[in-house]
Amino acid sequence: MDGTGSWDALDWTKFDEQPMSASVPHGVAELLMEAEEVLVQGIGVVLVNTDEAGTLYVTNFRLLLVSEGSRNIIGLGTIPLTVIEKFNKHKHSSAPRQSDKSPSKRLLQVFGKDMRIIVYGFRPKTKQRHAVFDALWRYTRPTLLGELYTFSCGPSKFNNSNPKVRLVKEYLRLLGKSSFNVSDSMIEDGSFSVSNEWWRISAVNSNYSMCATYPFSLIVPKFISDEEVMQASTFRARGRLPVISWCHPGTGAVLARSSQPFVGIMMNMRNVADEKLVAALCIQVAGKESRRKLYITDARPKKNALANGAKGGGSESSSNYSQSEVVFFGIDNIHAMRDSLARLRDYLDTHGSTSSDGMLSFLRDGGWTWGKGNLSSMSASVSTLGDSGWLSHIQSVLAGSVWIAARVALESSSVLVHCSDGWDRTTQLVSLASLLLDPYYRTFKGFQALIEKDWLAFGHPFSDRMGLPTVSAISNAPVELSRQSSSGIISTSPLRIHSGSAFSTPVGSSFHAQNPSDYSPIFLQWVDCVSQLLRMYPCAFEFSSAFLVDFLDCMLSCRFGNFLCNSEKERQQSGIYDACGCMWVYLNDLRASEGLSHAHHNIFYDPTKHEGVLLPPAATLAPTIWPQFHLRWACPSEAQAGEVEAHCRTMTDKYAEMQKAKEMAEAKSKELTIRMESLAAELQKDRRLYSSAVEKAKQAWRENSAIKRALQSLGCKVQFSGNASRASDIESLPTETRQQSLHSSLREYEGGWLTDEKMDLSVSITHMDGRVHSDSPVNKLCENLCPFRTGEGCKWPDAECAQVGSQFVGFKANFDAFDRLSIHECYFGSK
């Protein structure tokens, strides 16, 4: 990094007395988003991770760090407020080897839900850190939904359509009734109920009275009445009865979901309506006498399910549900996932190239060197990654989902999935199994339909899991937790004391979530699982890993309202759909701006290669770090693990440009060909005109020659002349010369001499001697017509009347007149 922007190069004197101001300096306003307002401003703040200085703005949407030199946004130091999990104050004293004059540092440490840990350094005695900390304390912990930035921004140009209509359309697709049209009015009056051979869409929960966290419409067995559905809901936790999430269009096998049953500690409580509803999921297999088998999969460890029995919950007994088998997956709860991700984030910050304490991982432990081959530190880092447990949890979710998809695809069995409440692990397993079974969900539209159905409509508590306020009453009492107790992060601080850093204990901290115990990265974990499948099957998905990253960023930032609240009912009550923008419209607009060349499109996508179910073998279920998401802050240069994809995209873009250039060249070549053909046709036409003109010129020359001979037979001298001062004495030229003159005249005709419409050709005719032949026709003409002619002879004073050039009988011949005159040589005989 350029030293001009570093901590040591700053002139701290100019920041000592700078007042904290919310005013926006010139040039910063253009960096703000729509309706984004600056609340607090800190000047001369240093990003310790990269030792880069800038101005820190706290806005109603994010922490915005602008570079001191370039005035550009520093990506690592800019984070939306809702992405902040928690933040702490730290003190950092100068090391003994440093000069006493070097400024001591006041640090603010920010933990992000997107895997980054940011540390900002403030000059002491400026009160800037205190102002920023107070602003974060207030604006990262809103008590009301309306305080979020998305409500200030409004829908803007990203208006949301009715998600209920989209949900019913997805139901109709699953039932094979896609041609059925759905409108808002049908949703309001409940006339959307449709059925096929086995299943029907029910409006029994249209007013959310049966189950507040389920959608307004449900798919249930066709021959189970709404009354029986209501009775079955009383036997399941939070009224989340077994309903169909996905059904096979050919075999009738289904994926169903629910919450745990109220079987009690002895597992002997029963409900007739629930058993009948579950049995109806096992419709008879076509062409077989035996009934379809039902697998009841409990996502929890078995001991946890039994422990829930003491609270009235528990798991089903296969003896009470015919043709069923109960299977436990052993996936840990939300608290284990929260702690695991925190350990992974700490590992990446410790061993990444951009650490929150500004120290390279290769210099952190001075005991090992490359030369001596002591790589114990490297080995320890790999061990720490395994201790985080994140990849093990990913593997568990993947394995459970593949197992479910295999039962449906290979055995045509139905599967009922649940955990405790049926909205965390259940949603992960059902939606991931649907993604494996149905290629439609591996497209952009299908991926949206899958998330809106299984995650949003079926009540995954996004507000609780993301630490956001809901429509319910929220206490305004401040929550202050220590770093270890707030999120279960391991005790080793990213600002590591053991690594030689002189950081002291935190002097203040704040956890972002309203209820820290409910915060958990369940949805992030599911998207991570999708990325693992994308890595295994790069040709099966229309979208790329870059799309998943941007999708997660939009979800975590709460810039749009799609993932607010805990249920469909709460979003409807709070008017989310009308008050906030739609993330799906925003992402669609991004892709539309560049078409298929956009980074969200998977360049390897081939729908014909994976038209059916994806069933990865157990040996392939070995997840790895998702580099585009997990490493983008800690190891930015290594984050592009999809370097091949990026290279292929570049090559594809170049190929597209070359293809476009080729098409333009072909179009231009075609245009030139058409023009050449047109010019050739015109040239051919000119040649025909030329040939015709030559023939006419030859004919005129022959006629002129005939006239000349006729006049010469009268003893006259013929001379041609034009307005171009051309003249030729035809009679005086030898025969060969006369032929050359003829060809020359024709060439001049080709060059345009005779094409001048204004050119006149004059012919002078003069008698060659003064005698009048008595037998000549002229003499006879004179004798008959001339008044000066007498029997004694001509009485003309100067010359004889036979002088054809005199005023009496002389004449001028116009070329056009000769042209119209048809005189043939045969009139006068051969010369």
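Cβ atoms are placed via backbone N, Cα and C, with glycine included.
Unlike curated entries, TrEMBL annotations are predicted automatically.
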According to TrEMBL, which of these ranges is coiled coil: 224-276, 489-541, 595-647, 648-700?
648-700
Report, in whole Å, the straight Cα-to-Cα distance of CYS419 (active site, phosphocysteine intermediate) from ASN333 (substrate binding site).
9
How many angstrom lie between the most widely spaced Cα atoms of the substrate binders ASN308, GLY309, ALA310, LYS311, ASN333, ILE334, CYS419, SER420, ASP421, GLY422, TRP423, ASP424, ARG425?
21
Within the coiled coil (648-700) only, compute the mean pLDDT.
89
For the recorded positions ALA310, CYS419, work out the Cβ neighbour count at 10 Å and name the residue with the minimum.
ALA310
Between ASN308 (substrate binding site) and CYS419 (active site, phosphocysteine intermediate), how many Å separate their Cα atoms?
10
Between ARG425 (substrate binding site) and CYS419 (active site, phosphocysteine intermediate), find the distance joining the two CA atoms and give it rounded to the nearest Å.
6
Between CYS419 (active site, phosphocysteine intermediate) and ALA310 (substrate binding site), how far is it from one CA atom to the other, in Å?
16
